[in-house]
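Peer 1: Submitted below is the structure of interest, expressed as structure tokens.
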There are 4 protein chains.
Amino acid sequence: MANSKFEYVKAFEQPDTLLQNTWVVVRIDGRGFTKLCAKYAFEKPNDKRALDLMNAAARAVMTDLPDITIAYGVSDEYSFVFHKSCTLFERRASKLVTTIVSTFTAHYIHSWSTYFPDAPLTLPLPSFDGRAVCYPSVQNLRDYMSWRQVDCHINNLYNTTFWALIQLGGMDNRAAEELLAGTVSGDKNEILFSRFHINYNNEPEMYKKGSVVFRDYELVEPGTHNVQADADAIAEPVSMTKSQTEKDKKRRNKARIVIEHLDIIKDDFWDRRPWLLSNKPGKAPKET
Amino acid sequence: MANSKFEYVKAFEQPDTLLQNTWVVVRIDGRGFTKLCAKYAFEKPNDKRALDLMNAAARAVMTDLPDITIAYGVSDEYSFVFHKSCTLFERRASKLVTTIVSTFTAHYIHSWSTYFPDAPLTLPLPSFDGRAVCYPSVQNLRDYMSWRQVDCHINNLYNTTFWALIQLGGMDNRAAEELLAGTVSGDKNEILFSRFHINYNNEPEMYKKGSVVFRDYELVEPGTHNVQADADAIAEPVSMTKSQTEKDKKRRNKARIVIEHLDIIKDDFWDRRPWLLSNKPGKAPKET
Amino acid sequence: MANSKFEYVKAFEQPDTLLQNTWVVVRIDGRGFTKLCAKYAFEKPNDKRALDLMNAAARAVMTDLPDITIAYGVSDEYSFVFHKSCTLFERRASKLVTTIVSTFTAHYIHSWSTYFPDAPLTLPLPSFDGRAVCYPSVQNLRDYMSWRQVDCHINNLYNTTFWALIQLGGMDNRAAEELLAGTVSGDKNEILFSRFHINYNNEPEMYKKGSVVFRDYELVEPGTHNVQADADAIAEPVSMTKSQTEKDKKRRNKARIVIEHLDIIKDDFWDRRPWLLSNKPGKAPKET
Amino acid sequence: MANSKFEYVKAFEQPDTLLQNTWVVVRIDGRGFTKLCAKYAFEKPNDKRALDLMNAAARAVMTDLPDITIAYGVSDEYSFVFHKSCTLFERRASKLVTTIVSTFTAHYIHSWSTYFPDAPLTLPLPSFDGRAVCYPSVQNLRDYMSWRQVDCHINNLYNTTFWALIQLGGMDNRAAEELLAGTVSGDKNEILFSRFHINYNNEPEMYKKGSVVFRDYELVEPGTHNVQADADAIAEPVSMTKSQTEKDKKRRNKARIVIEHLDIIKDDFWDRRPWLLSNKPGKAPKET
């Protein structure tokens, strides 16, 4: 067929397979969301509707892609984690990243009117970019997650204080900025409390901790074992019979995807949810 | 700040810069569109609404990203071409690909109800994946474009005949498939004409040729010069003063983005639109 | 300076940094060594001089590059392992690979006359190619090493039997090949013993096991701890003071590089030499 | 066979194929040659023996690898160019680079005693590292070559003046350095001439221009055609019959590899040797 004359161009595509046996994190970020916040008058320092919309889109991504074991979102970004044994799309970076970005965007646009019924979308539409990063060890992965959550904390404490100074204290942006320059956490807590009677600890967990999305199974009693030491051993894939694989798949599909606002820096979170690192679905949680 | 302890994880991100001075083609593909066609009862062999929606999304992508010089779409795929001198996002593959995939998806979802007013979207939503490929020479780039257009022709001739046999000839899928096995173009044209009085040449250009999207300037009289020989010379970036760059940018933004259904395999298309390879905006077309 | 006009070409060099926190294995292979064996009449199935020369070159590479923790050689190939915490040459693949290949080649050529005093080198000269591969976990690394050693065993048993049939049994190549087709290890052992009174177990260790090159410290008593479980924990880099780093470096430089022919598949080898995975130099071995 | 259990580790090797239809430049550099110069008392500013040894090794590399079309050397570095149509080793970067580095090193070590009969090699031995870079257009490739030759000129003029001040002018290093700080070419020429009666133009061509290595065919009369414009067209691979390919190969193998010291920045060099860009061997040069 005449096509063969041109088909040689296929060979220019270069492989982009991600290194095997590493945790794959796909992080997506809103493009130009500063403008978007202004355009749709997002509330400051946090707009609950906007965060709920992000979370709804993330949950949809995890439903469509059961290979994702956990996701973490803050502000206009979301990180999705594939287990190190994952072989989806033969671990091709562009397939993994674009599938997540596209699915996320589709749901963000589609659900917009649910969360912003009074602010119809106009051009240019919201969009996201993304990238994949490999982490070889559990420690690296957990440090990545901690990095994002510490970032959430730092930014939220700053923004909460900044906007209190403006909204409650009547300052303008520049004055607030100058006042906060060089302050540490303690100073900001103090400003919030002494000037505005705001106890930062009582702020909503979603704003302070970000959002953690995962499949929910029965929590495991925190053991006395040193998680640090054998986290990589736990994460080691075990070879399974086909019927076992099928059973796992079913349990995973049946599991409820929850969105919580927890500390993911300390061991406790991971200790009690061993399925996140082992990729072995746990028991269905008791009905309550 | 405490964050520094975890920030080392940033260093795991690996660069994915695309080789300089090469044409970058980002091709996106609908994910699982066979199911989608069935679910929303797309017309066979071509659903004009679905193609118009693809084209609307592609036009929006080109409006948002003026660095794209030309795009070509057929069925559920679209290819976007960045000029070889493009430096958008420092040519990072993941940024370029995800931005296009996300923008395209956003518009596809957002405009769905315009093209399918009676078929509201249900889960799972349509989504797209994508990849970037570099082509060093104009010949490679044109061969890529030709490859896609030949593919369009082959598939459309097949599908047109296949569905005529079913819809007009009353065959079932398997019988139609068997009848077409081993046939060449001439055979299919003959089947269409002798059995159904369909002259394939009279089929809509959009189905036969696919859709070409580009900024429209005044056509250049086809010269006698050998385009093949100096296409790469034409495409060589020229150094410009800043004010010239600004002027070009303005002209590009003012240009009308058109969607046409033309032969892009022969020289004529490229010959008469030198701006596609030179990246120098042409003259505004005369009002008609 | 006029150079600036051309210096833009530097930007075409693309980064090739290897993923952090992974074990880097650089394997080199002799190019066209089948011809070389014939040309210099290497003894079959093993030429002790040729293997000693390979080992001498490997030892020289490890002396020049203290970042290499262990090397394993068999036939005309050698694998060099960098600890996962290694930052030599910023982990650039091409630097790491070419430095090893070049240093190895230099010593191979330079020491040739020591091992082959009666066979001066003629053109074309021996040369080697190489590549770098990353392994995320200790298990992956050990499996790589095991893979090479099993390969050594399989090939050596085959070759020993094959050449016994020819050299002692008077067969020609084809007859020996046919006789061995489809045989398993037990069959070959049996042929060697029943036909030629050769007990394969008594063959030289270097031929059966290959050569393991490493820095020698005092062996550790094999504990009862599960090495499998916490090998990755052992390998985790510990942050050190600068003076500790210096002390380690000195101890490493003083350590004797030994070449032994041991089983590296079983745990015992790694258990008793924890420095190979921890990258912490051990105690100097007692004088004997 | 038991090997299969470990063989999975092969899959960790990642492809490193260089983009098709681009010029591949492999540049190698001496490792730690400053120390080496001191150790073997290389003459300053240029040691003819050392450069002749580099050139001998480069010629050997080109003999072993007929796919290399041209090489350029200066000081302790050498650049080897593969034609953009080259498919050697399936264009795998590590194979191409290590083969060149190893072959070059082998010859450098092997021929050392020919050029330095009175200075036997001692440890550590000379070695080289290397890297591959892709250039899409002829212009990029020629600019790369020009970059290296301009670098040669700049360094040689500086070094010639610097060492004249020391060796003939009795200055120490620091005084010479200070005197040259901020000078332009004209100043250095002037210093050489007025202080030491050295006309830089009369310096040996090898020092001023570096060394160009290529297969020699009959020179072509410089035409009036604009080389710039159709260099890429000339370089376009033409499809050939198998017998034509064989004929070309034979002509290439028969061609004499010459080492000359010419200007490779101006068009003339390339104009008169069209085979360098076309990869079509020329006519054997007339006997003289």
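Here the Cβ of each residue, glycine as well, is placed from N, Cα and C on the backbone.
What TrEMBL says about a protein is an automatic prediction, not a curated fact.
The following feature annotations were taken from TrEMBL:
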BINDING   C:D29, C:G30, C:D76  Mg(2+) 1 binding site
BINDING   C:D29, C:D76  Mg(2+) 2 binding site
BINDING   C:S75, C:D76  GTP binding site
DOMAIN    C:6-136  domain 'tRNAHis guanylyltransferase catalytic'
DOMAIN    C:139-266  domain 'Thg1 C-terminal'
Peer 1: Excluding near sequence neighbours, so keeping only residues 6 or more apart in the same chain, what lies with its CB under 8 A of C:S75 (GTP binding site)?
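Peer 2: Same-chain residues close to C:S75 (GTP binding site) (Cβ under 8 Å, separated by 6 or more) are C:F33, C:C152, C:N155.
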Peer 1: Summarise the model confidence on the domain 'Thg1 C-terminal' (C:139-266) as a single mean pLDDT, whole number.
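Peer 2: Summarising the domain 'Thg1 C-terminal' (C:139-266) by its mean pLDDT gives 91.
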Peer 1: Around the Mg(2+) 1 site (C:D29, C:G30, C:D76), what further same-chain residues have their C-beta within 8 angstroms of the site's C-beta centre?
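Peer 2: Close Cβ neighbours, site residues excluded: C:I28, C:R31, C:F33, C:S75, C:E77, C:F128.
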Peer 1: Hey, what's the Cβ neighbour count for C:G30 (Mg(2+) 1 binding site) at 10 Å?
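Peer 2: Around C:G30 (Mg(2+) 1 binding site), other Cβ atoms within 10 Å: 20.
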Peer 1: I'd like the Cβ neighbour count for C:D29 (Mg(2+) 1 binding site), meaning other Cβ atoms within 10 Å of its Cβ, all protein chains included.
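Peer 2: For C:D29 (Mg(2+) 1 binding site), the 10 Å Cβ neighbour count is 16.
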Peer 1: Within 10 angstroms of the C-beta of C:D76 (Mg(2+) 1 binding site), what count of other C-beta atoms is obtained when all protein chains are considered?
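Peer 2: The answer is 20 other Cβ atoms.
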Peer 1: Is it possible to list how many residues within the domain 'Thg1 C-terminal' (C:139-266) are helical, extended or coil according to DSSP?
Peer 2: 79 helix, 11 strand, 38 coil
